[in-house]
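S.K.: Here it is, the structure, as structure tokens.
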Amino acid sequence: MALKVECPTNTINSKDASSLDKDLMDTGGFSIDQLMELAGLSVSQAVYRVHPPKDGRNVLVACGPGNNGGDGLVAARHLAHYGYKPTVYYPKQGKSELYERLKTQLKNLSVPFTSDFADSLKSSDLVVDAIFGFSFSGPLRDPFPAIISQLEETKVPVLSVDAPSSWDIETGPPKDGPGSKFMPDVLVSLTAAKPCVKWFKGRHFLGGRFLTPDVAGKYRLEIPEYPGVDQVVEVDVNGSERL
């Protein structure tokens, strides 16, 4: 029987999400590389579930400057191995060695990087929104207001990573301006859903199969029943798993 998860007691706010990541690295033995790899793998599997290659291989991966963008870079690499044709939009690039290595991995697979989001969007079958995650606190800075506006208006399906970019983690979409009407088709919550999920109306997945019972207990989270070797599980916005 599928586990029933009640979102109000199983969401995690930005402060606790940051603390949980620190616990996983300080006492859990994980490195940031490992967590990012598992998160990006989860995103890539969610893409495959909702939009298999036969439905269109051109995937535009929009990456922000932080860890959410790193998850997007990892996802793009896996998508290339799955047979997709990812293109990466990465206007504000992270400068650490980790991000440089992720970019090198993509370039070695001949994954193109674009500086023209609007033009690349025209030929895309799916967009992965990996711009901002749980640490976003606004306001939007260039070039992202224009990008978010295009995500609002496009007919191309959009999959957001951890939170729809521009949304406040606690209070959901902004009241006005770019993002106020942004509703992605798919959301992949990493580790646990964030409070903003209550405003989301599309298909919802949980990903990040690395929680230990001790860490989950500390933050009052339930570890979902992932099917087989899957790194994601689809969960209704009200918490019911779909196996």
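These residue numbers are counts, starting from 1, taken along the chain as shown.
Just so it is clear, glycine is given a Cβ too, placed from its N, Cα and C backbone atoms.
Note: TrEMBL annotation is automatic and uncurated.
Small disclaimer: the values here were computed from a predicted structure and weren't measured.
Heads up, here are the entries from TrEMBL:
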DOMAIN    17-223  domain 'YjeF N-terminal'
BINDING   Asn67, Asn68, Gly69, Gly70, Asp71, Gly133, Phe134, Ser135, Phe136, Ser137, Gly138, Pro139, Asp162  (6S)-NADPHX binding site
BINDING   Asn68, Asp129, Ser165  K(+) binding site
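Set these features in their place in the structure for me.
M.R.: Within 10 Å of the Cβ of Asp162 ((6S)-NADPHX binding site) there are 30 other Cβ atoms, across all protein chains. Annotation note: Asp162 ((6S)-NADPHX binding site) sits in a coil segment as assigned by DSSP.
Taking a C-beta cut-off of under 8 angstroms and a sequence separation of 6 or more, Asp129 (K(+) binding site) has the following same-chain neighbours: Ala62, Leu151, Val158, Leu159, Ser160, Val161, Pro164, Ser165, Pro184.
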S.K.: Taking the Cβ of Asn67 ((6S)-NADPHX binding site) as reference, which residues of that chain separated by at least 6 in sequence fall under 8 Å from it?
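M.R.: Set apart from Asn67 ((6S)-NADPHX binding site) by at least 6 residues yet with Cβ under 8 Å, we have Ile32, Met36, Gly133, Ser135.
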S.K.: Determine the Cβ neighbour count for Asn68 (K(+) binding site): the number of other Cβ atoms within 10 Å of its Cβ.
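M.R.: By my count, 26.
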S.K.: Cβ neighbours within 10 Å, counted over all protein chains: which one of the binding-site residues Phe134, Phe136 has the most?
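M.R.: Sorting the candidates by Cβ neighbours within 10 Å, the top entry is Phe134.
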S.K.: Looking only at Asn67, Asn68, Gly69, Gly70, Asp71, Gly133, Phe134, Ser135, Phe136, Ser137, Gly138, Pro139, Asp162, the residues listed as binding (6S)-NADPHX, what is the longest Cα to Cα distance in Å?
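M.R.: Per the listed residues, the maximum Cα distance equals 22 Å.
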